[in-house]
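Working notes for the structure below.
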Amino acid sequence: LSCGDVATQLAPCINYLRSAGPLPVACCNGVKNLKNSAATTQDRRTACKCLINASKSISGVNFGLAAGLPGKCGVNIPYKISPSTNCDQVN
């Protein structure tokens, strides 16, 4: 799993995360694909770091929406998408 994979899966979510539109089906599909491809602890930590870095680098991201995204898509991930998340603690 690479940050490129994470970015590709979550690209359809960007406008939603900027509070600029409805939650697209393609975004939730990307969230689900990402969860399914993060099979190991190392993959989950990588995905976490990529998500946090991406969310910090995209201007105008609403972190409340980012944190709620997995739940809105019906996906459980073992960490919060937040700038303060310590990805090294993700199992």
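Glycine too: its Cβ is placed from the backbone N, Cα and C atoms.
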Exercise. Mind checking which of CYS13, CYS87 has the disulfide with CYS48 in Swiss-Prot?
Worked result: CYS87
Exercise. CYS3 has a disulfide partner in Swiss-Prot; which of CYS50, CYS73 is it?
Worked result: CYS50
For this session: Translate the DSSP assignment of CYS73 (disulfide bond) into the three-state scheme.
Result: coil
Problem set entry | Between CYS50 (disulfide bond) and CYS87 (disulfide bond), the C-alpha gap once rounded to whole angstrom | 10
Seminar exercise, completed: CYS87 (disulfide bond) sits from CYS27 (disulfide bond) (Cα to Cα, rounded, in Å) at a distance of 22
Seminar exercise, completed: One should report the C-alpha separation between CYS73 (disulfide bond) and CYS13 (disulfide bond), rounded to whole angstrom, as 11
